[in-house]
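Enquirer: Sending over a structure as structure tokens; questions will come in a sec.
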Amino acid sequence: MGVNDSLSELRGAIDELDSQLLTLFNQRADLAKAVAAVKLREGETVDFYRPDREASVLRRVKEQNPGPLKDEHVARIYRELMSSCLALEKPLTVAYLGPSGTFTQEAALKHFGHAVHTVETATIADIFHEVENGEAHYGVVPVENSTEGVISHTLDIFMNSALQICGEVALRIHHHLLTNVEALDQVKVVYSHQQSLAQCRQWLMSHLPGVETIAVSSNAEAARLASEEGAAAIAGEIASDLYQLNMLASNIEDEPNNTTRFLVIGQQEVPPSGDDKTSMMISTKNIAGALQSVLAPFAYAGISLNKIESRPSRQAAWDYVFFVDIDGHQDDEKVSTVLQELLPNVNLLKVLGSYPKAVI
Ligand SMILES: O=C(O)C(=O)C[C@]1(C(=O)O)C=C[C@@H](O)C=C1
């Protein structure tokens, strides 16, 4: 079959393959249902969702993909396929920062696929509460942006939470100016979340100088206000569809690689997937060289440090907690040896979770 065949012959061949794919997809779904039955038989508390297994399935299809389909597109197809298989095992509820149309919802759907049920919350703290109370199985919280840095509020909540980090999601963030007015000179007010206003600061200064900007609780809320009041909002594409606003200017973020990283939180510890990260919270003793003595053992063991952030501990003035991300899983011998070594030198060491690095 190829370019010399007629359109109807080629479409007939596609129909034939689609029928085979449909049979194979459903055979795969039957196997996932059988896996669920085995999980129920073997465990008292059952985690139907297995982030480590999902990451290795996605990595494997990307590695084995012969093309011409792009690796990332094949991974997205499998992302949705596994999401549907998991929904047959156990329908999952995932909490995100609402209202609907926020980037956190987009991140949740990117990570879990569209077969999960997403529930909105009013604040980041509420996402933690929903998961802690069992109202939601998992939650997705923003943690850092490549332009604006860390979302300190999220880190602060981790200090008092027993939840585990089960995964990470990286989302390219495109901001658009959404409004139903016809031209830029008719825009009198721009609503958005403060992070998004900051990410578009240069664009606002050069295209809407002197126009009032108002920070609100989320970009979706900004879009809702813009549609009600005839104002403008900076938000993403989903919000433009949801609130029926035109895109007067697109991709207005100052930094072309503007990316936000989100964390998936839940009640489960994730086993190694083969390519993992570990996030931890460390409180050092208030003595000279304390931070050095915490970081040096990672370097000696050849463990890469991805990130270190400090936050006031809120226990005493000028007392700090460090949030550290490293390469590797807490069950890896190299990592667990260093964690043991650190214990005598710190006031607190709390592993927030080991989880697969983002695959899609
Ligand atoms: O392997 C499992 O544990 C499954 O439940 C199957 C499956 C899949 O569809 O491949 C589905 C859900 C899990 O999160 C991981 C993988």
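Yeah, the Cβs are placed from backbone N, Cα and C, and that goes for glycine too.
Feature table excerpt (TrEMBL):
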DOMAIN    1-93  domain 'Chorismate mutase'
DOMAIN    93-267  domain 'Prephenate dehydratase'
DOMAIN    279-356  domain 'ACT'
SITE      THR260  site 'Essential for prephenate dehydratase activity'
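Describe the structural surroundings of these features, if you would.
Expert: For the domain 'Prephenate dehydratase' (93-267), the mean pLDDT of the prediction comes to 94.
Taking a C-beta cut-off of under 8 Å and a sequence gap of six or more, THR260 (site 'Essential for prephenate dehydratase activity') has these contacts in its own chain: PHE103, ALA107, PRO142, GLU144, ASN145, SER146, ALA170, LEU171, ILE173. In the three-state DSSP scheme, THR260 (site 'Essential for prephenate dehydratase activity') falls into the strand class.
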Enquirer: I'd like the per-state residue tally for the domain 'ACT' (279-356) from DSSP, helix first, then strand, then coil.
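Expert: Taking each residue of the domain 'ACT' (279-356) in turn, the totals are 24 helix, 33 strand, 21 coil.
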Enquirer: Can you break down the domain 'Chorismate mutase' (1-93) into helix, strand and coil residue counts using DSSP?
Expert: 69 helix, 1 strand, 23 coil
